[in-house]
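Visitor: Below are the structure tokens for one structure; questions will follow.
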Amino acid sequence: MNIAVIGTGYVGLVSGVCYAELGNHVICVDNDPRKIDMLNDGEIPIYEPGLKELAATNREEGRLAFTADLSSAVIHSDIIILAVGTPPLPNGEANLDYINQAAIEVAEAMNSYKIITVKSTVPVGTNERLAQLIRLHTNKPFDSISLPEFLREGSAIQDTLKPDRIIIGAECQRAAAIMVELHKPLTENIVVTDIRSAEMIKYASNAFLATKISFINEIANICEKVGADVTQVADGMGYDKRIGPSFLKAGIGYGGSCFPKDTSALIQIAGNVDYEFKLLRSVVEVNQDQRFNVIRKLKTVFDGELQGKVVAIWGLAFKPNTDDVRDSPALEIIQYLVDHGVIVKAYDPVALHSFQSLFGIGDVIWCNEALETAQDADALCLLTEWEEFASVDLLELQKVLKQPILIDGRNVFKEEDLIDTDFIYYSVGRPNLNQGVKQKVPVL
Ligand SMILES: NC(=O)c1ccc[n+]([C@@H]2O[C@H](COP(=O)([O-])OP(=O)(O)OC[C@H]3O[C@@H](n4cnc5c(N)ncnc54)[C@H](O)[C@@H]3O)[C@@H](O)[C@H]2O)c1
Ligand SMILES: O=c1ccn([C@@H]2O[C@H](COP(=O)(O)OP(=O)(O)O[C@H]3O[C@H](CO)[C@@H](O)[C@H](O)[C@H]3O)[C@@H](O)[C@H]2O)c(=O)[nH]1
């Protein structure tokens with residue numbers, strides 16, 4: 001098939017490259033000419049393992065191209081995939097300006113029948129509204145498809161080439177059949193639904209996963225008070241097939257460009273039809289507070305006095321294997337520390353540059369290496385579970401810190417890792433370790 005993908009963010013780029021990998025001819029379009037120049041120079045604007053190599057192969061083999069010329073991409077394609085951003089508005093609703101604009105541009109460029117597919121996450125009813133908008137700008141025939149995307153950053157290629165399922169929301173059976181054919185090589189689990197249900201499946205899935213995370217974080221908070229270990233609890237729960245083991249990692253709460261925005265948007269979608277989504281409101285509230293456990297633990301070890309302390313931060317991205325810092329919990333944690341007179345030293349193996357631009361010059365000491373960050377710090381907080389941190393020599397780390405205080409926001413270390421160290425160690429939902437395993441202390 002000839003496919004035009006509009007928008008070269010995570011979703012547009014990864015799905016464009018993967019459709020090319022399946023043997024289709026793909027033109028990826030962006031209205032940011034710097035992105036297109038980078039892509040045409042063989043660079044990839046985002047950090048995503050394996051993407052650069054896969055893009056290069058498909059370009060070399062003539063199946064993948066990048067352009068800022070939306071019209072010519074539309075003219076030469078049978079399927080148009082809209083993958084532009086739908087970021088949150090201040091009230092939590094999805095901002096549909098980009099997708100409206102992209103739809104109009106596509107309509108104005110149309111020269112013949114097209115299948116117009118929406119991969120962006122959009123509120124229920126948006127596909128129908130976009131179809132009306134398109135009809136106002138063209139008299140050429142088209143069919144609408146809702147094709148929600150479920151990839152995760154950091155494992156986006158694997159998620160796209162081997163998805164758990166493909167959801168195709170369609171009114172027209174012929175267009176649905178073409179989309180089924182396109183995705184057949186990826187999975188047997190292709191579910192065709194009506195358009196509104198497809199739109200809802202995306203929000204419901206993200207909201208459910210966010211609920212699992214807030215649930216386990218609350219269990220972790222209770223574990224801390226009753227002396228249980230949340231990692232063992234989650235493990236024990238996960239064997240129940242009805243529960244499953246995934247998304248039960250307690251930590252500092254979820255971040256990223258999707259869960260925070262999509263949970264807020266779903267609360268708004270419900271509110272717009274006069275339904276208060278109480279459960280999801282609580283999920284968001286729990287998540288918002290969870291990150292501050294790191295601060296509460298720091299306050300406890302420093303007897304409430306943070307002013308003038310040097311705190312090292314390991315990990316800025318909202319999860320490992322991405323340089324995306326959108327809605328990363330690290331942002332608020334660091335801002336709080338800076339606002340309360342803490343000298344913050346921060347490091348991330350990949351996301352440092354995206355993060356730096358969000359802070360004032362001189363607010364934070366940015367470091368290029370993990371141990372250098374910890375040097376002479378009064379405490380170290382681990383906020384993203386990058387592989388690199390798990391393999392650090394803890395005796396070496398203890399030596400460079402001014403005080404051996406480690407707040408592990410992601411439960412990276414195990415009790416046995418701390419044997420022979422003098423760390424005062426706080427993690428999430430597990431017994432605190434005071435001076436290695438020598439003394440277990442009551443939890444905060
Ligand atoms: N990031 C993810 O992991 C992920 C996963 C699943 C679904 N989604 C959803 O997919 C959508 C895209 O997310 P993203 O993170 O890739 O977005 P993004 O904001 O990173 O990228 C969007 C791109 O679209 C371009 N763009 C905007 N308007 C355009 C236009 N008129 N013509 C051409 N290009 C245009 C922008 O320049 C930008 O490069 C969102 O709705 C998001 O919720 C994201
Ligand atoms: O057990 C867990 C799992 C995840 N997280 C956190 O949850 C956030 C999101 O993680 P993840 O879901 O792996 O990454 P995303 O790339 O944001 O992917 C989510 O959001 C995408 C955008 O909608 C969807 O496509 C994906 O299916 C959905 O998993 C991160 O901050 C993680 O640290 C936890 O705290 N505990």
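Cβ atoms are placed via backbone N, Cα and C, with glycine included.
According to TrEMBL, the record shows the following:
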- Cys258: active site, nucleophile (ACT_SITE)
- Asp30, Lys35, Thr86, Thr121, Glu153, Lys261, Arg326: NAD(+) binding site (BINDING)
- Phe150, Leu151, Arg152, Glu153, Lys202, Phe247, Leu248, Lys249, Ala250, Gly251, Gly255, Lys319: substrate binding site (BINDING)
- 312-415: domain 'UDP-glucose/GDP-mannose dehydrogenase C-terminal' (DOMAIN)
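Tell me about the surroundings of these features in the structure.
Guide: The Cβ of Cys258 (active site, nucleophile) lies under 8 Å from the Cβ of Thr121, Asn206, each on the same chain and at least six residues away in sequence.
All chains included, 24 other C-beta atoms sit within 10 angstroms of the C-beta of Glu153 (NAD(+) binding site). Under the DSSP three-state reduction, Glu153 (NAD(+) binding site) is assigned to coil, being neither helix nor strand.
Phe150 (substrate binding site) counts 18 other C-beta atoms within 10 Å of its own C-beta, drawing on all protein chains shown.
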Visitor: Looking only at Leu248, Ala250, the binding-site residues on record, which one has the least crowded Cβ, with the fewest other Cβ atoms within 10 Å?
Guide: Leu248
Visitor: With helix taken as DSSP H, G or I, strand as E or B and everything else coil, how many residues of the domain 'UDP-glucose/GDP-mannose dehydrogenase C-terminal' (312-415) land in each class?
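Guide: Across the domain 'UDP-glucose/GDP-mannose dehydrogenase C-terminal' (312-415), DSSP assigns the residues as follows: 33 helix, 19 strand, 52 coil.
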Visitor: When you measure from the Cβ of Lys261 (NAD(+) binding site), which residues in the chain that are at least 6 apart have a Cβ under 8 Å away?
Guide: Thr86, Pro87, Pro88, Ala94, Asp327
Visitor: Where the criterion is a Cβ under 6 Å from an atom of ligand 2, which of the recorded positions Asp30, Arg152, Ala250, Cys258 meet it?
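Guide: If the test is a Cβ under 6 Å from any atom of ligand 2, the answer is Arg152, Cys258.
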Visitor: What is the pLDDT of the domain 'UDP-glucose/GDP-mannose dehydrogenase C-terminal' (312-415) when averaged and given as a whole number?
Guide: 95
